[in-house]
Every structure is written in C-alpha cells, then in structure tokens.
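Per Swiss-Prot, the feature region 'Disordered' maps to 1-60. Taken from Swiss-Prot, the feature compositional bias 'Basic and acidic residues' applies to 20-31. For 726, 727, 728, 729, 730, 731, 732, 733, the entry in Swiss-Prot reads ATP binding site, with the evidence type sequence analysis.
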C-alpha cells in the first residue's frame with residue numbers, strides 16, 4: 001500500500017514534490033485504487049519509491065523559534081533582497097522570490113495546499129499585524145531556515161480585510177491547476193489578484209453604506225509658478241461610478257481630497273515633489289509614470305472603451321483629466337487584469353466601469369472640510385460617530401445602494417433648482433400616498449446590493465449566492481414598475497431603467513432561478529450548485545453517483561450479515577474516505593479481509609478492498625460532476641457579467657427611489673414641510689432665507705422627554721448680517737448649526753423641519769464654530785481661528801451662507817473685539833453674504849445703528865434671584881449681559897468660586913463704567 005504523502009515535504013518545497021509527483025504518475029488507473037497489495041508488492045513499491053529517513057541538519061543552520069523572534073527585528077537579514085544566491089532556494093521558494101520582486105510593495109500570499117504562506121520579511125509583517133504564529137521553514141541546504149507565516153485558504157478574506165484596513169496592499173498567488181502537468185516539477189501558480197485598498201470587490205471587505213473610492217491625482221504648475229492646475233479622477237470599482245473634475249490651487253485640492261476620503265490615491269512617480277499640501281492627510285501610491293503620459297493615456301482609454309477617438313467623452317485630449325483617467329484605468333488593468341480578453345496584445349481590466357462623468361466644481365453646493373466637521377454632516381465632531389450626525393437623522397433608506405446614494409447627495413448638495421423641485425415633488429406625492437410608500441419600502445427591504453453584485457459578476461468574481469441575489473433583485477423590478485405607474489414618475493429620468501425594464505434582465509433572472517438551487521454552497525468547485533434536468537451530461541453523472549450510493553447502502557447491510565455485527569455502520573470522513581465503523585467490543589469479530597484503518601477510544605474503523613475500489617470510482621464521478629458544474633457556472637456568470645451595465649442602471653434607479661421614499665417617510669413621521677426654493681435667476685428674491693419655526697433635525701430626534709423650541713430666521717431680503725448675542729450655553733451654536741443643516745437639506749431636495757420656508761440657493765456654506773490647538777502644526781487656538789476666518793473672508797460670495805461663532809476669544813478683550821467688529825463690517829458691507837455672527841461681545845450690537853443690512857438678535861433667558869433659565873428662543877434685539885457666572889454655577893463650579901466671581905465682576909464694572917463705542921463707520925470696508 002502506498003505511503004501517505006507528507007504534506008509539508010510533498011507540497012511545499014522542492015525535490016520531494018517532484019519525486020512524489022513522479023510516483024503518482026506510476027500509480028494511475030487501477031493500480032492507484034488497488035489497496036490489497038501483497039508483501040512482495042509492498043517491497044517492490046518501496047524500491048520504486050524509497051522513503052528517506054529525516055536526519056537533523058547542521059546545528060549551525062537550525063534557528064529555534066525564540067531566536068527567530070529575536071531576529072525578526074533585524075528584518076534586512078530576512079529580506080528576499082539579501083539572498084546570497086537565488087538558485088540555492090528550493091523551486092517553490094525560487095518562484096516566490098521571483099513574484100515578490102515583481103510586487104515589492106505588496107504582501108505576497110502564496111498558495112500551498114490549504115494555506116496561503118508568506119516568507120522572509122512578509123512573514124514577519126504578517127505575524128506582527130495579524131498576531132499569528134511566526135514559524136520557520138527550510139529554504140535550501142545552503143540557506144537554512146527562513147521565517148514563515150500562513151493563513152488558512154478558507155479564511156483568507158477575513159485576514160485580507162485586516163491587512164487592507166491597516167493600509168497594506170496584497171498580491172494573491174493561487175494554484176492554477178489541481179496537479180502538475182506531465183513533465184513539470186511544480187504545480188502551476190500565478191498572481192491571480194492584486195488587492196489594494198481602492199480596488200476591493202469582496203463584500204466582506206467593503207462598507208455597505210459607503211463608496212470605496214480609488215482616486216488619481218495630477219498637478220501641473222503654470223508658467224508663472226503661482227497657480228497650480230489639478231485634476232482629480234475617482235472610481236468605485238465595486239459600483240462602476242467614474243467621476244473626474246479639474247480645479248486650481250492646492251488648497252482646493254486638499255479640501256476635495258478630505259471630502260472624498262478615498263481609500264487609495266495614486267499618482268505618477270516623482271510627480272508630486274511638494275508634500276506640504278497633503279502630508280499627514282493622505283498616502284499617495286506612486287504608479288508607472290508612462291501610464292500618465294498623454295499619448296499612453298489616450299491609447300488606454302480608447303482600448304478600454306473600444307473608441308476610435310476620445311471626443312465623445314467631452315474632455316480635451318491635452319487636458320490633465322485625460323491623463324488622470326488613463327492612469328486610473330492602467331492601474332485597474334494591472335490590479336484586475338482580464339486574462340481572457342486581450343485587445344492589441346494589451347491586457348484590459350475585467351472591471352465594468354461607467355464612462356467618466358465630468359463634474360463641474362461649481363455645479364454643487366460647496367462645503368469645505370471644516371464646515372463638514374462643524375455641522376456634523378456624516379459624523380459627530382467629538383468622537384466621529386455616525387449616530388448624532390445629520391446623515392444618521394435623515395437616512396431612512398432600506399438598501400445599501402440607497403444608503404450610498406443619500407450619502408453622496410448630502411456630501412455634495414446640488415444647485416440645480418429643477419432637480420431640487422423634482423425631488424421635492426416626488427417626496428410630496430409619496431407623503432400623501434402612504435400606502436404606495438409603504439408598499440415600495442416593503443419591496444425594497446429585501447433587495448440585494450445590485451450595484452456591487454453586478455460588479456463582482458462583471459469581474460468574474462461573483463459566487464453562486466451572488467447570482468441568486470441578482471436574480472431575486474431583478475424579479476422585484478416588475479412589481480416596482482407597477483408601483484411607479486403614476487405621471488409624476490414619468491417626469492424624471494431617474495426611473496427610466498425600471499419603467500422600461502430590459503427584457504434581457506428578466507430572461508437572465510429566469511435562467512438563474514431555473515438553474516441554480518435556492519441556497520447554493522459557498523464553494524464553486526465541489527458541486528451541488530445546479531438543479532437536475534438542466535444538463536444531460538450532469539444528469540448522467542448524477543445517475544452514476546446515485547448508483548454508487550445504492551451500492552454503499554446495500555454494502556452496509558451485506559457486511560452486517562457477514563459479520564453478525566448489527567450496529568455496524570458504513571460512514572464517510574473527509575480525511576479517511578469511506579470506512580466500516582464497529583464498536584470496540586465487536587472489533588474481534590470482524591472478517592479477516594477487513595483492513596484496520598483507525599482506532600478510536602470506543603470505535604474501530606476498517607476498510608475492505610471492494611469498498612476502496614468503489615471509493616475511487618465515486619471520487620472520479622464526483623470530480624467530473626464538480627468540474628462540469630463549475631464550467632456551467634462560469635458560463636452563467638459570464639452571461640450575467642455581460643449584463644452588468646444594464647443591471648447597474650436599474651440599481652441606480654432603485655437607489656434614487658429608496659432615498660426619495662426614505663425622505664418621504666422622514667417627512668411624514670416628523671412633520672416636515674416642503675421649502676419653497678427660489679431660483680438664483682430671480683434677482684430680487686434669490687438670496688432670501690426665510691424659515692418660520694425651524695427645528696434642528698438632529699437635536700429634535702435626540703430629545704426624548706423634551707420638546708424642541710423652534711426658531712425663525714430672516715436673511716437676504718433687507719438683512720444680510722445677524723449679530724446674535726446671548727449667554728453662554730444658551731443655544732447660539734445650536735441655532736447656527738440648525739440654519740446650516742436646513743440649507744443643506746433643502747438643497748438635496750429634502751423637506752425640512754419647519755412651519756414654512758422660502759430659501760434661495762447657496763453656492764457655499766461656511767462655518768467657524770469653536771477651535772482647538774493644532775499641536776502637530778504648531779498653531780495655537782487663536783491662530784487656527786484666524787486661519788479659518790481668513791479662508792471664509794477670502795472665498796465667500798454674496799450667495800454664500802456664513803455662520804460664525806465667537807470670533808476673537810483667543811486673544812485680549814480689545815484685540816478680540818476689534819477683530820470681531822472688523823470681520824462683521826467686512827461681511828456686511830463688502831461681501832454681503834447671508835451671515836450670522838454669534839458673539840459674547842455685546843458692543844457689536846452698535847453696528848446695526850449705522851449699517852442698514854445688519855440686525856441684532858438675541859437668545860432669550862429668564863434671570864431671577866441669581867437663577868438663570870434658558871428658554872432657547874431667538875428674538876429680535878441685542879442682549880446686554882453674558883451671564884457667564886451663572887452659566888458657571890449651572891456647570892457645577894464650586895459656590896465659593898461663583899460668589900467670589902460676582903464680587904470681582906462688581907468691582908470691574910464699577911471701575912470700568914464707560915462702554916466701548918464707535919461713533920462712525922470704518923470707511924475702508926466700503
């Protein structure tokens with residue numbers, strides 16, 4: 001009987017692999033399954049395949065694990081670069097090093113049997129980051145042992161996810177054949193996948209409700225070296241979205257990248273020498289410089305989209321954007337190559353991506369990074385949590401597609417009045433049609449992520465369950481189409497792909513449903529994927545397997561009779577195959593021709609020659625079934641992938657419908673109203689911001705036992721600047737944020753929490769709320785505050801919304817007051833943007849006396865007998881007292897400190913009775 005193969009020596013390294021494979025060639029056919037060998041045959045077998053006794057190596061070459069851990073610090077010793085001679089390595093390790101040289105910046109996972117192994121410096125990295133055992137492996141007689149660490153093949157996704165989260169890129173080297181071809185020493189292996197943070201397709205590695213952006217950026221200095229042009233292209237490989245934009249100024253690019261929060265950013269090698277603008281912000285992956293050249297970029301784009309020229313893209317052939325697009329596609333060609341599709345002998349990516357959409361940097365409401373943090377649009381300012389953000393409050397979507405869509409809307413609100421009103425009207429219709437709204441949401445609730453599912457199918461990485469989910473999603477489209485049988489849905493192009501469902505999709509879903517079982521296995525190579533009756537060859541093989549199973553059942557009964565062992569069972573184990581199991585007490589009664597296979601505590605396991613022969617036949621049939629089912633599945637997956645663009649169009653329509661029904665649900669449940677949006681072309685009214693009884697959309701939902709106090713705002717008609725005064729902790733900052741959030745909600749087309757509203761379109765929203773030291777940059781609180789203020793004053797326009805809170809606190813009283821006063825006048829007289837300036841400097845109330853577009857507002861409080869009550873109501877007029885001492889008392893400051901502060905305040909007021917006054921306006925601000 002053939003000796004079992006040593007899994008380490010036989011499949012991991014070098015010569016033993018070759019010898020075992022040669023032996024295997026000599027044991028084909030019937031000899032391979034002939035387990036009942038005589039003693040003479042066993043001797044002949046041992047002569048053909050001698051087993052070499054393992055002897056210890058030279059003690060000087062053996063490194064124990066403790067020593068290896070100590071030497072892990074000395075990484076250069078274990079780098080593949082420092083090998084004295086690559087030919088001294090075993091064949092498998094030689095191949096590993098060759099692949100590692102091609103992927104020096106990636107962790108190389110090398111498939112060996114049931115594990116992905118890492119060696120040299122990668123093994124040390126893997127061990128540290130994943131906290132797995134670092135072991136060693138013999139690399140050759142002249143080299144000795146080297147570091148080795150590995151992860152199970154079946155758990156590779158989980159471990160790869162951890163590596164990606166830590167910012168690493170991964171190269172997957174998989175086995176390309178089950179066994180070596182004749183004449184080859186090694187199993188054929190090759191790089192099948194490059195996983196980088198921005199090129200992930202695997203479901204478990206992605207956040208369902210966020211886009212995973214891969215970005216490409218290029219900068220180009222003008223001849224005068226003062227103005228920098230830039231282009232930023234971004235793509236989500238999981239959804240196919242492809243957007244490109246251009247701009248000027250490194251600061252603007254910085255804000256765009258902060259807003260984008262890309263998983264990965266690439267650029268041409270050595271093109272960005274000045275790191276000041278992005279250092280500490282992003283990590284840039286350098287890529288082949290020639291891929292970003294204008295000529296090669298054009299060739300890449302034409303090859304990918306099968307175009308004769310690029311004019312149809314609407315991008316100038318000499319623009320920076322052509323280069324960023326071409327570089328991005330080239331990067332995908334490398335990370336996701338489609339080996340089966342070569343055009344002009346060039347490998348194309350198998351990722352299905354849309355045509356690049358040109359984004360006008362002025363087409364949407366601009367919200368800088370500081371404002372995003374201050375308004376807590378997608379995460380809270382304090383701890384970065386989702387709960388408590390605006391998105392948390394208004395996202396009522398039910399699908400992952402819808403969740404990503406509303407995030408995009410809220411991160412980039414539009415200035416398109418027609419688009420806003422269209423969304424508002426659909427929301428209004430759905431608010432009134434509660435039954436329709438509930439039916440649509442019920443249908444959407446179980447909808448899979450068609451965008452990403454179709455992306456995996458297009459890249460030929462989808463599993464059987466992915467295809468079933470795609471079919472289930474498509475099957476819901478006709479029902480949704482019936483729900484959209486209303487005139488209002490015909491007025492928008494959002495839903496064209498649902499209203500006019502492509503017949504090919506229905507046929508595809510039917511084919512998947514008729515062929516793949518309802519709950520298919522995760523593995524694609526072990527069979528059990530398809531129903532009976534879909535392929536005659538598959539049916540014939542399954543018939544053979546049924547015959548073998550019948551024989552197994554009869555064999556169990558027959559062996560019971562022969563052995564008189566009534567509790568005998570014929571069982572199967574993945575490692576041992578088929579065997580006869582009997583209790584320990586009955587083992588002495590087994591027939592002589594039974595061969596003992598395994599002894600357990602309470603059981604003995606045996607095999608018979610006939611059972612082993614039948615097992616070989618069963619394994620052959622199973623292998624043919626698995627191979628055929630995999631071929632059938634790949635054909636079906638390829639067909640599904642060819643429809644990925646059509647599926648994605650339907651998915652985009654579903655995402656819009658999900659967002660709009662969610663916003664309608666929000667409006668209906670929280671008593672929202674439709675704001676009247678004023679077109680920017682209406683000169684007299686375009687800057688109006690009038691909200692009656694507005695409410696903070698987030699705070700209102702957080703309050704459980706209290707009722708939120710609504711407040712009005714009136715800006716843009718006669719008043720451009722509101723000076724808002726009032727005690728500390730009275731709600732001034734909340735009021736500022738409320739106004740900003742309602743403007744953003746209105747410009748995504750949402751209804752808002754208010755009694756009524758008339759709102760003009762804002763081109764930008766700016767906030768300056770609070771500040772902290774930036775220790776990393778060596779900037780004090782006051783300097784941070786001034787930098788933020790300067791940015792606002794240099795970029796705001798008359799159509800902007802500016803929200804300022806307590807400017808001038810970080811310096812002396814007179815300096816702070818002077819700066820606050822001057823900033824207020826600059827906003828009111830020169831920029832004339834719609835602005836609210838919250839302050840504790842009551843002297844600023846005087847500005848309204850000589851500048852007609854300034855008005856004073858205050859937050860009302862009740863103060864009796866040293867007791868302060870916050871009413872949170874904003875009214876016209878200026879406050880004349882800060883009540884800071886009373887706020888300190890409410891905060892829990894010790895009574896002795898509070899009382900002493902009152903005495904000190906009286907003395908200060910007595911000695912400084914004169915108030916600061918400005919008798920005439922500052923002419924320089926005209």
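Glycine is treated like the rest: Cβ placed from N, Cα and C.
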For residue 732 (ATP binding site), what is the tally of other C-beta atoms lying within 10 angstroms of its C-beta? 26
Neighbour count, 10 Å Cβ-Cβ cut-off, for residue 728 (ATP binding site): what number do you get? 17
Other than 726, 727, 728, 729, 730, 731, 732, 733, which residues of the same chain sit close to ATP? List them in sequence order, counting a residue when its Cβ is within 8 Å of the Cβ centroid of the site. 838, 859, 870
Long-range neighbours only, meaning 6 or more apart in sequence with Cβ under 8 Å: which ones does residue 727 (ATP binding site) have? 859, 861, 868, 870, 879, 881, 882, 883, 884, 886, 887
Could you tally the C-beta atoms, other than its own, that fall within 10 angstroms of the C-beta of residue 730 (ATP binding site)? 25
In three-state DSSP terms, residue 732 (ATP binding site) is classed as helix
Starting from the Cβ of residue 731 (ATP binding site), draw a 10 Å sphere and report how many other Cβ atoms land inside it. 24
Under 8 Å by Cβ from residue 726 (ATP binding site), same chain, sequence gap 6 or more: 732, 838, 858, 859, 860, 861, 879
Across all the protein chains here, work out how many other Cβ atoms are within 10 Å of the Cβ of residue 733 (ATP binding site). 19
If you draw a 10 Å sphere on the Cβ of residue 729 (ATP binding site), how many other Cβ atoms land inside? 18
Secondary structure at residue 727 (ATP binding site) (DSSP, helix/strand/coil)? coil
